[in-house]
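Among the features that TrEMBL reports, compositional bias 'Low complexity' is placed at A:1-26. What TrEMBL lists as domain 'ABC transmembrane type-1' is A:92-305. Annotated region 'Disordered' per TrEMBL: A:1-28, in sequence order. Positions annotated as transmembrane segment by TrEMBL: A:35-62, A:97-117, A:129-150, A:177-201, A:222-247, A:253-274, A:286-308.
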Amino acid sequence: MSTSTAPSTTAPTPAPARRVGAAGRGTPRRRNEKAAYIFLLPWFVGLLFTLIPFGASLYLAFTDYNLINNPNWIGLDNFEEMLTDEDLLQALKVTGIYTFVGVPLSLLAALGVALALNKGIRGLKYYRAVYYLPSLLGGSVAIVMLWRYIFGNQGIVNAVLAFFGIDGPSWVSDPQYALSVLISLHVWTFGSPMVIFLAGLRQIPIMYYEAASIDGASRWRQFVSITMPLLSPILFFNLVLALIGSLQTFTQGYILSGGTGGPSGSTLFYNLYLYIEGFQRFDMGYASALAWLLLMIVAMFTAANFLMSRFWVFYDN
Amino acid sequence: MALMTQIRQRSRAIAAESEDTYFEKLGSNSRTRFLRHVILCAVGAIMLYPLLWMLASSFKPSSEVFADLSLWPSTWDFTNYSQGWNSLNHPFHLYLWNSFVVVALTIVGNLASCSLAAYAFARMQFIGKKPLFALMLGTLMLPGHVLLIPQYVIFNLLGWMNTYLPLVVPNFLATNAFFIFLMVQFMRALPSELDDAARIDGCGPFRTFFRVILPLCVPALATTAIFTFISTWNEFFGPLLYLTDSSLYTVPLALRQFMDSEGQSAWGPMFAMSVVSLAPIIGFFIAGQKYLIKGIATTGLK
């Protein structure tokens, strides 16, 4: 679709051709242009795999559809149903808590460790590797199952607590604590924002700090007046990425609860609820509506983030 | 060729220089430095402990696993491995092979299709380039779950259920805009004289791409390959959706069965197979750390 419309909407064709003609040759540039579309051919086909489903899911959001019968237009019924859907409310709550507790904690850890590592330290490579490794493993089924065991009734967390004379709860099967198990897993994977912070810290010219210390600025003052402003674009970038990623969590909730979102919906992440509605109850119209609601939420958060960034993100140039 | 080595040497020199000025900064006194090491080591130990504990537990007899905090099994027992390998519907090497097939095809698809698209966006002039590039960036931000249900319907109509096609084919169509973006950034940084020189020597756009640009993009290709490996190896959602026949299961789906079928008693074999499932990622991490760290610092990928 876009393949055919895109060229006609832009600048008139003869302009570049004439410029090339002035140089004496018309063919290579035009051949080059045709070649560009050949290079892009797989991407154009792939774009159809994105744009068509994108439109289709908006349509399905207004239908009743179960994969077997044809979609049946029901107007805003799906969205009306959302207003009284208690599971949806629970899913929003779980995802919200996970995001607003987990993201700040992991970004704080990432920033703290990045600052400590940026002080010129021997063995930086090894520290960075150790801290980074968990973020590669955090999304795997094996690690979530490990967490399920570690926080289990007789797991090692409770063994450590028992050593201090504390009787630990059964973290995984208690609705009050199940989500905190996954938040701890989230924090465990602070390595990837840390690496981004570290790269950002290294971009700050050392002479700023030298000038500041000649002027007698304290360490804290230097951090507030130099490091934080210059690092704020990186913090912003990390925040946007972490929010988007966290709102779309699925595997962790699925594995910890065995696919149910339990106990009592305490790990019912939004995408897990969407999966249950769409692929276990085969209410695909409602699931599409859920997908669009989440898209709106993600877009809203990202937009809010960008708007607020004007007040606290500092761009050097 | 000379230009290429020159570029390489210069970038290496810049890297070394910044490293040096960096270490000159070792200003703080030795006591705070020592303290910092102690704290960093302690935090690192806490982070690694669960992994090491899992490794140790995979060698402990099942009766010993519970609430045993030690990282050294009192007796080394390999039965967890032999048991775990054979306790599911199919031997574990089948799942490893399935995962390998999916991962390998995904990597090939991503490398081929994304580098082609990236070359067009980064180094060619064509009508509609700007809006198309903007569209590409737009798909980068689009959360995948919005496309999920229609894609499922399409794959179902195509008769692709219970095959690897839904997992693999999209990767041959450059649907992973992240990697296009990564390669565009990399290719833009290469000097434009390279294309001019190739054209004067009589190379068409395809030969310029394959013989001149692509060989210079090895770092970006390596980053793409490693990230693709890790995310595809861990991928749970796609296989869960499209694979129902257990002989097609990839490793994450197979691992999940340890929880479904055997309940609380099979922790030992489960840990053993978990170790087996994580080993390739850790291996890739050690081998490709340089590219990983660079890639994540420039694109913010996981």
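Quick reminder: no glycine exception, Cβ is built from N, Cα and C everywhere.
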Among A:97-117, A:129-150, A:177-201, A:253-274, A:286-308, point out the range having the most Cβ pairs under 8 angstroms from the transmembrane segment (A:35-62).
A:286-308
Among A:129-150, A:177-201, A:286-308, the most Cβ pairs under 8 Å with the transmembrane segment (A:97-117) come from A:177-201
The transmembrane segment (A:222-247): which same-chain residues, six or more beyond its ends, come within Cβ distance under 8 Å?
95, 98-99, 102-103, 106-107, 110-111, 115, 186, 193, 196-197, 199-201, 203-204, 208-209, 212-213, 270, 294, 297-298, 301-302, 305, 309, 312-316
Below 8 angstroms Cβ to Cβ, which residues of this chain, lying six or more residues outside the transmembrane segment (A:253-274), approach it?
87-88, 90-92, 94-95, 98, 141, 144-145, 147-148, 172-176, 178-179, 181-182, 247, 287, 290-291, 294
